[in-house]
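J.: To start, I am sharing the structure in question, which I have written as structure tokens.
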Amino acid sequence: MDKENHSVVTEFVFMGITQDPQLQIIFFVVFLLVYLVNVIGNVGMIILIITDSQLHTPMYFFLCNLSFVDLGYSSAIAPRMLADFLTKHKVISFSSCATQFAFFVGFVDAECYVLAAMAYDRFVAICRPLHYSTLMSKKVCLVLMLGSYFAGLVSLVAHTSLTFSLSYCGSNIINHFFCEIPPLLALSCSDTYISEILLFSLCGFIEFSTILIIFISYAFILIAIIRIRSAEGRLKAFSTCGSHLTGVTLFYGTVMFMYLRPTSSYSLDQDKWASVFYTIIIPMLNPLIYSLRNKDVKAAFKKLIGKKPQ
């Protein structure tokens, strides 16, 4: 069909997770609870770290920023998703779609670099303990975080420009619950080949550069742990990394599954649930992952609520 016969798309319509009205109510209640736990957990973690001087260390500075970016990208998606569960017409304007997309991409890609910075911090703490205060000074930590947010900003601009400079002049129905790359590319009436290559390359660079930093950091950490003679010392060293490894595995595993594939292999209905996992569930789990076995966080929480730590 001649593309000139199509009208230019000025708004999109989400299909959402389900079209069943009863399931929509159930999902609204479930995801509202999940999002509330997410907000309470991440805001609570930020407040705890800011207010307790015992947590004013590089490790918790990075954890505070992780909670911030988790809160950022989940809040770019969840409120709109919850509202759509209660409405029949899930319409979003072209500009609002671009804005949602931009904030989501910016925070997610910033998180990649925050996780890499956390891995580097663990490497220095375990492998270079005598030089820790110099290598992880306040200035270094600040530069690492500013660099993470700058990388997120650059990625935001690049992704948004590449995706929304395409022509959308056919169907405006997004088979998803938010504005994401694969369903948007599927709707474009432009030739998306070059954009797909550039987007894939950008995603690949961000993923693999940060994974490489994490992998190298943990390779040195593993060597250092093996050299520790006492079993107690090995366990203590490994316990400081266990939470971060869990968070990294969950986050990167899902993101790589979602984005580092050609669009021909996408099943949009199936991928919606993978998107739910990393946009809503992982941000909720991170405060739990990083605090459940952390004595410092538990002690700070007890102090905050006025209970003396044991």
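Backbone N, Cα and C atoms are what each Cβ position is placed from, and that goes for glycine too.
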J.: Quick test of your reading of the annotation: per Swiss-Prot, do Phe12 and Gln270 share a side of the membrane?
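T.: In Swiss-Prot, Phe12 shares its side of the membrane with Gln270.
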J.: In sequence order, which residues at least six apart in the same chain have a CB under 8 Å from the CB of Cys97 (disulfide bond)?
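T.: Set apart from Cys97 (disulfide bond) by at least 6 residues yet with Cβ under 8 Å, we have Phe12, Cys179, Leu184.
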J.: Per the 3+ Cβ pairs under 8 Å rule, pairs at least 6 apart in sequence, do the transmembrane segment (55-75) and the transmembrane segment (272-292) touch?
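T.: In contact, yes.
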J.: Report, in whole Å, the straight Cα-to-Cα distance of Met256 (Cu cation binding site) from Cys189 (disulfide bond).
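T.: Cα to Cα, Cys189 (disulfide bond) and Met256 (Cu cation binding site) are separated by 26 Å.
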J.: Say we define neighbours as other CB atoms within 10 Å of the CB. Which of the binding-site residues Cys203, Met256 has the fewest?
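T.: Taking Cys203, Met256 as the binding-site residues, the minimal 10 Å Cβ count falls on Met256.
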J.: Just to be sure I understand, if DSSP states are collapsed into helix, strand and coil, how many residues of the topological domain 'Cytoplasmic' (121-133) fall in each?
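T.: Summed over the topological domain 'Cytoplasmic' (121-133), the classes give 12 helix, 0 strand, 1 coil.
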